[in-house]
Amino acid sequence: MTVIDEIYSSSSAIPTVALNDEAKMPVLGLGVAKLSDEETESSVLAALEAGCRLIDTAASYGNEAAVGRAIAASGIPREELFVTTKLGTSRQGFHSAQESCKESLDRLGLDYLDLYLIHWPAPKLGKYVESFEGMIEARERGHVRSIGVSNFTEDLLATVIEETDEVPAVNQVELHPRLNQAELRQVHAQHDVTTQSYSPLGVGRLIEEPTVTTIAAEYGRTPAQVLVRWNLQLDNVVVSRSSKPERVAENLDVFDFTLEPEHMEAIEGLHDGTRVLHDPMTFMGT
(Lines of atoms letter the chains of each structure in order from A; the text may use other names.)
(Lines give C-alpha, C1' and ligand atoms only; values in the text may rest on other atoms or scores of the structure.)
Protein backbone atom coordinates (compact mmCIF):
# COMPACT_ATOMS: atom_id res chain seq x y z
CA MET A 1 0.00 0.00 0.00
CA THR A 2 1.26 3.45 -0.77
CA VAL A 3 2.22 5.50 2.25
CA ILE A 4 2.50 9.26 2.58
CA ASP A 5 6.18 10.08 2.98
CA GLU A 6 5.77 12.98 5.37
CA ILE A 7 2.94 14.93 6.94
CA TYR A 8 3.99 17.58 9.41
CA SER A 9 1.16 18.51 11.75
CA SER A 10 2.37 22.10 11.94
CA SER A 11 3.34 22.62 8.31
CA SER A 12 1.52 23.86 5.23
CA ALA A 13 3.92 21.96 2.93
CA ILE A 14 2.23 19.44 0.67
CA PRO A 15 3.87 16.03 1.15
CA THR A 16 4.39 13.39 -1.50
CA VAL A 17 3.61 9.73 -2.00
CA ALA A 18 5.86 7.20 -3.73
CA LEU A 19 4.16 5.53 -6.70
CA ASN A 20 4.88 1.91 -7.63
CA ASP A 21 7.31 3.12 -10.31
CA GLU A 22 9.23 5.15 -7.68
CA ALA A 23 7.99 8.52 -8.95
CA LYS A 24 6.96 10.99 -6.25
CA MET A 25 3.49 12.50 -6.50
CA PRO A 26 2.07 15.30 -4.30
CA VAL A 27 -0.81 14.02 -2.17
CA LEU A 28 -3.02 17.03 -2.89
CA GLY A 29 -3.58 18.92 -6.11
CA LEU A 30 -5.89 21.03 -8.22
CA GLY A 31 -8.41 19.63 -10.69
CA VAL A 32 -9.78 21.83 -13.46
CA ALA A 33 -12.79 19.91 -14.78
CA LYS A 34 -15.59 22.10 -16.17
CA LEU A 35 -13.59 25.32 -15.74
CA SER A 36 -13.44 27.91 -18.51
CA ASP A 37 -10.05 28.98 -19.83
CA GLU A 38 -10.16 32.14 -17.72
CA GLU A 39 -11.18 30.22 -14.59
CA THR A 40 -8.55 27.59 -15.29
CA GLU A 41 -5.72 30.09 -15.57
CA SER A 42 -6.72 31.97 -12.40
CA SER A 43 -7.26 28.75 -10.41
CA VAL A 44 -3.96 27.20 -11.52
CA LEU A 45 -2.04 30.37 -10.71
CA ALA A 46 -3.73 30.60 -7.30
CA ALA A 47 -2.92 26.96 -6.57
CA LEU A 48 0.71 27.32 -7.61
CA GLU A 49 1.06 30.47 -5.51
CA ALA A 50 -0.35 28.56 -2.52
CA GLY A 51 2.30 25.86 -2.89
CA CYS A 52 0.37 23.31 -4.93
CA ARG A 53 2.47 21.46 -7.49
CA LEU A 54 -0.01 18.85 -8.77
CA ILE A 55 -2.27 20.03 -11.60
CA ASP A 56 -4.82 17.58 -13.02
CA THR A 57 -6.49 18.16 -16.38
CA ALA A 58 -7.82 16.07 -19.28
CA ALA A 59 -8.10 16.29 -23.05
CA SER A 60 -11.88 16.31 -22.73
CA TYR A 61 -11.87 19.32 -20.39
CA GLY A 62 -10.79 21.51 -23.29
CA ASN A 63 -8.51 23.59 -21.07
CA GLU A 64 -5.08 21.98 -21.41
CA ALA A 65 -3.78 25.05 -23.24
CA ALA A 66 -5.01 27.28 -20.41
CA VAL A 67 -3.22 25.06 -17.89
CA GLY A 68 -0.07 25.38 -19.99
CA ARG A 69 -0.32 29.17 -20.11
CA ALA A 70 -0.71 29.38 -16.34
CA ILE A 71 2.25 27.08 -15.77
CA ALA A 72 4.39 29.17 -18.12
CA ALA A 73 3.28 32.41 -16.47
CA SER A 74 4.10 31.08 -12.99
CA GLY A 75 7.81 30.80 -13.71
CA ILE A 76 8.01 27.65 -11.60
CA PRO A 77 10.64 25.20 -12.90
CA ARG A 78 9.12 22.25 -14.75
CA GLU A 79 10.86 19.71 -12.52
CA GLU A 80 8.97 21.06 -9.49
CA LEU A 81 5.58 20.36 -11.08
CA PHE A 82 3.48 17.22 -11.42
CA VAL A 83 1.15 17.49 -14.40
CA THR A 84 -1.55 14.93 -15.15
CA THR A 85 -3.81 14.68 -18.16
CA LYS A 86 -6.10 11.97 -19.49
CA LEU A 87 -6.87 10.05 -22.67
CA GLY A 88 -10.35 10.72 -24.03
CA THR A 89 -12.68 7.83 -24.82
CA SER A 90 -12.90 8.74 -28.51
CA ARG A 91 -9.10 8.42 -28.79
CA GLN A 92 -8.78 5.01 -27.19
CA GLY A 93 -6.60 2.54 -29.09
CA PHE A 94 -2.92 1.56 -29.23
CA HIS A 95 -1.78 4.14 -31.77
CA SER A 96 -4.36 6.83 -31.04
CA ALA A 97 -3.44 6.80 -27.34
CA GLN A 98 0.13 7.70 -28.26
CA GLU A 99 -1.00 10.35 -30.73
CA SER A 100 -3.38 11.87 -28.19
CA CYS A 101 -0.59 12.01 -25.62
CA LYS A 102 1.58 14.05 -27.98
CA GLU A 103 -1.36 16.33 -28.82
CA SER A 104 -1.92 16.97 -25.11
CA LEU A 105 1.77 17.80 -24.70
CA ASP A 106 1.52 20.30 -27.55
CA ARG A 107 -1.50 21.98 -25.99
CA LEU A 108 0.16 22.08 -22.57
CA GLY A 109 3.44 23.33 -24.01
CA LEU A 110 5.36 20.61 -22.18
CA ASP A 111 7.98 18.04 -23.16
CA TYR A 112 6.61 15.26 -20.95
CA LEU A 113 3.70 14.37 -18.70
CA ASP A 114 4.20 13.26 -15.13
CA LEU A 115 1.08 11.08 -15.29
CA TYR A 116 -1.16 9.95 -18.14
CA LEU A 117 -4.47 8.25 -17.36
CA ILE A 118 -7.20 6.49 -19.32
CA HIS A 119 -10.06 8.82 -18.43
CA TRP A 120 -12.92 6.29 -18.56
CA PRO A 121 -12.68 2.54 -19.24
CA ALA A 122 -15.70 2.43 -21.59
CA PRO A 123 -15.73 -1.39 -21.36
CA LYS A 124 -18.36 -1.72 -24.09
CA LEU A 125 -15.87 -0.12 -26.48
CA GLY A 126 -13.36 -2.83 -25.63
CA LYS A 127 -10.22 -0.76 -26.19
CA TYR A 128 -8.97 0.03 -22.70
CA VAL A 129 -6.32 -2.73 -22.68
CA GLU A 130 -4.79 -1.75 -26.02
CA SER A 131 -4.99 1.88 -24.95
CA PHE A 132 -2.95 1.09 -21.86
CA GLU A 133 -0.45 -0.77 -24.03
CA GLY A 134 -0.16 2.37 -26.13
CA MET A 135 0.51 4.37 -22.98
CA ILE A 136 3.28 1.94 -22.06
CA GLU A 137 4.84 2.71 -25.44
CA ALA A 138 4.44 6.46 -24.84
CA ARG A 139 6.29 6.04 -21.55
CA GLU A 140 9.07 4.11 -23.29
CA ARG A 141 9.44 7.00 -25.74
CA GLY A 142 9.79 9.51 -22.91
CA HIS A 143 6.50 11.31 -23.45
CA VAL A 144 5.19 10.37 -20.01
CA ARG A 145 6.81 9.25 -16.77
CA SER A 146 3.97 7.40 -15.03
CA ILE A 147 0.84 5.78 -16.44
CA GLY A 148 -2.43 4.84 -14.84
CA VAL A 149 -6.17 4.61 -15.15
CA SER A 150 -9.25 6.45 -13.96
CA ASN A 151 -12.71 5.19 -13.02
CA PHE A 152 -11.64 1.55 -13.22
CA THR A 153 -13.45 -1.07 -11.14
CA GLU A 154 -11.71 -3.97 -9.42
CA ASP A 155 -12.42 -6.32 -12.34
CA LEU A 156 -11.32 -3.87 -15.03
CA LEU A 157 -8.12 -3.15 -13.13
CA ALA A 158 -7.43 -6.87 -12.82
CA THR A 159 -7.91 -7.29 -16.57
CA VAL A 160 -5.38 -4.57 -17.37
CA ILE A 161 -2.81 -6.09 -15.03
CA GLU A 162 -3.35 -9.62 -16.33
CA GLU A 163 -3.29 -8.76 -20.03
CA THR A 164 -0.45 -6.22 -20.03
CA ASP A 165 1.67 -7.54 -17.15
CA GLU A 166 1.85 -3.92 -16.02
CA VAL A 167 0.38 -2.49 -12.83
CA PRO A 168 -1.04 1.02 -13.26
CA ALA A 169 0.62 3.51 -10.94
CA VAL A 170 -2.67 5.26 -10.13
CA ASN A 171 -6.41 4.68 -10.32
CA GLN A 172 -8.26 7.99 -10.03
CA VAL A 173 -11.85 7.48 -8.90
CA GLU A 174 -14.84 9.28 -7.45
CA LEU A 175 -14.29 9.03 -3.70
CA HIS A 176 -15.97 10.87 -0.85
CA PRO A 177 -17.79 9.91 2.37
CA ARG A 178 -20.91 8.77 0.50
CA LEU A 179 -18.78 6.55 -1.75
CA ASN A 180 -15.69 5.52 0.20
CA GLN A 181 -14.54 2.84 -2.28
CA ALA A 182 -13.33 0.63 0.59
CA GLU A 183 -13.22 -2.60 -1.43
CA LEU A 184 -11.47 -0.95 -4.35
CA ARG A 185 -8.91 0.60 -2.01
CA GLN A 186 -8.15 -2.85 -0.62
CA VAL A 187 -7.48 -4.12 -4.14
CA HIS A 188 -5.25 -1.12 -4.78
CA ALA A 189 -3.28 -1.92 -1.64
CA GLN A 190 -2.78 -5.51 -2.76
CA HIS A 191 -1.31 -4.37 -6.08
CA ASP A 192 0.48 -1.22 -4.85
CA VAL A 193 -1.75 1.06 -6.91
CA THR A 194 -2.14 4.58 -5.54
CA THR A 195 -5.74 5.62 -4.94
CA GLN A 196 -6.44 9.12 -6.22
CA SER A 197 -9.72 10.72 -5.24
CA TYR A 198 -11.71 13.20 -7.28
CA SER A 199 -14.93 14.96 -6.24
CA PRO A 200 -13.90 14.80 -2.56
CA LEU A 201 -16.77 17.17 -1.70
CA GLY A 202 -19.34 15.05 -3.54
CA VAL A 203 -19.74 17.84 -6.12
CA GLY A 204 -20.47 20.19 -3.23
CA ARG A 205 -23.30 18.10 -1.84
CA LEU A 206 -21.44 17.16 1.33
CA ILE A 207 -20.42 20.61 2.54
CA GLU A 208 -23.81 21.08 4.21
CA GLU A 209 -23.97 17.56 5.65
CA PRO A 210 -24.64 18.01 9.43
CA THR A 211 -22.00 15.48 10.48
CA VAL A 212 -19.39 17.33 8.45
CA THR A 213 -20.41 20.84 9.49
CA THR A 214 -20.44 19.86 13.17
CA ILE A 215 -16.93 18.41 12.96
CA ALA A 216 -15.72 21.42 10.97
CA ALA A 217 -16.98 23.79 13.66
CA GLU A 218 -15.18 21.79 16.34
CA TYR A 219 -11.86 22.19 14.50
CA GLY A 220 -12.47 25.76 13.37
CA ARG A 221 -12.24 24.63 9.76
CA THR A 222 -14.47 24.74 6.70
CA PRO A 223 -16.48 21.65 5.75
CA ALA A 224 -14.43 21.44 2.54
CA GLN A 225 -11.19 21.34 4.51
CA VAL A 226 -12.54 18.57 6.72
CA LEU A 227 -13.65 16.53 3.71
CA VAL A 228 -10.27 16.88 2.02
CA ARG A 229 -8.46 16.03 5.25
CA TRP A 230 -10.62 12.93 5.79
CA ASN A 231 -9.67 11.70 2.34
CA LEU A 232 -5.97 12.34 2.91
CA GLN A 233 -6.03 10.44 6.19
CA LEU A 234 -7.22 7.40 4.26
CA ASP A 235 -3.83 7.59 2.45
CA ASN A 236 -5.46 8.78 -0.76
CA VAL A 237 -4.08 11.35 -3.14
CA VAL A 238 -6.74 14.04 -3.64
CA VAL A 239 -7.60 16.50 -6.41
CA SER A 240 -10.03 19.25 -5.50
CA ARG A 241 -11.58 21.82 -7.82
CA SER A 242 -12.78 25.39 -7.41
CA SER A 243 -13.22 28.32 -9.76
CA LYS A 244 -12.60 30.78 -6.91
CA PRO A 245 -8.90 31.46 -6.18
CA GLU A 246 -9.56 32.05 -2.48
CA ARG A 247 -11.27 28.66 -2.18
CA VAL A 248 -8.43 27.01 -4.08
CA ALA A 249 -5.94 28.20 -1.46
CA GLU A 250 -8.31 27.35 1.39
CA ASN A 251 -8.80 23.76 0.22
CA LEU A 252 -5.03 23.27 0.11
CA ASP A 253 -4.58 24.48 3.68
CA VAL A 254 -5.19 21.15 5.42
CA PHE A 255 -1.80 20.05 6.73
CA ASP A 256 -1.79 21.72 10.14
CA PHE A 257 -4.55 19.66 11.76
CA THR A 258 -5.48 15.99 12.11
CA LEU A 259 -8.94 14.51 12.47
CA GLU A 260 -9.34 12.36 15.57
CA PRO A 261 -10.28 8.68 15.08
CA GLU A 262 -13.84 9.24 16.30
CA HIS A 263 -14.34 11.99 13.72
CA MET A 264 -12.86 9.86 10.94
CA GLU A 265 -15.30 7.11 11.97
CA ALA A 266 -18.26 9.50 12.05
CA ILE A 267 -17.53 10.69 8.52
CA GLU A 268 -16.96 7.11 7.40
CA GLY A 269 -20.45 6.35 8.67
CA LEU A 270 -21.92 8.54 5.91
CA HIS A 271 -21.10 5.88 3.32
CA ASP A 272 -24.20 4.62 1.52
CA GLY A 273 -22.75 3.86 -1.91
CA THR A 274 -24.13 7.00 -3.55
CA ARG A 275 -22.32 7.86 -6.76
CA VAL A 276 -22.84 11.48 -7.82
CA LEU A 277 -21.16 11.10 -11.21
CA HIS A 278 -21.13 8.45 -13.93
CA ASP A 279 -21.23 4.66 -13.68
CA PRO A 280 -17.85 3.47 -15.04
CA MET A 281 -19.37 0.27 -16.43
CA THR A 282 -21.83 2.05 -18.70
CA PHE A 283 -20.50 5.57 -19.31
CA MET A 284 -19.19 6.10 -22.84
CA GLY A 285 -18.49 9.85 -22.73
CA THR A 286 -15.37 12.05 -22.56
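Just so it is clear, glycine is given a Cβ too, placed from its N, Cα and C backbone atoms.
For reference, Swiss-Prot has these:
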ACT_SITE  Tyr61  active site, proton donor
BINDING   Leu201, Val203, Val239, Arg241, Ser242, Arg247, Asn251  NADPH binding site
Of Arg241, Arg247, the binding-site residues given in the record, which has the fewest other CB atoms within 10 A of its CB?
Arg247
Length of the line joining the Cα atoms of Arg241 (NADPH binding site) and Tyr61 (active site, proton donor), in Å:
13
What is the biggest Cα to Cα gap, in Å, among Leu201, Val203, Val239, Arg241, Ser242, Arg247, Asn251, the residues listed as binding NADPH?
14
What is the total of other Cβ atoms whose distance to the Cβ of Leu201 (NADPH binding site) is within 10 Å?
22
If you draw a 10 Å sphere around the Cβ of the residue listed as 'active site, proton donor', how many other Cβ atoms fall inside it, taking every protein chain shown into account?
21
Using C-alpha atoms only, work out the spacing between Leu201 (NADPH binding site) and Tyr61 (active site, proton donor) and round it to an integer in Å.
19
List nothing but the one residue from Ser242, Asn251 whose Cβ has the fewest other Cβ atoms within 10 Å; the candidates are the binding-site residues.
Ser242
Would you find the one among the binding-site residues Val203, Val239 whose Cβ has the most company, meaning other Cβ atoms within 10 Å?
Val239
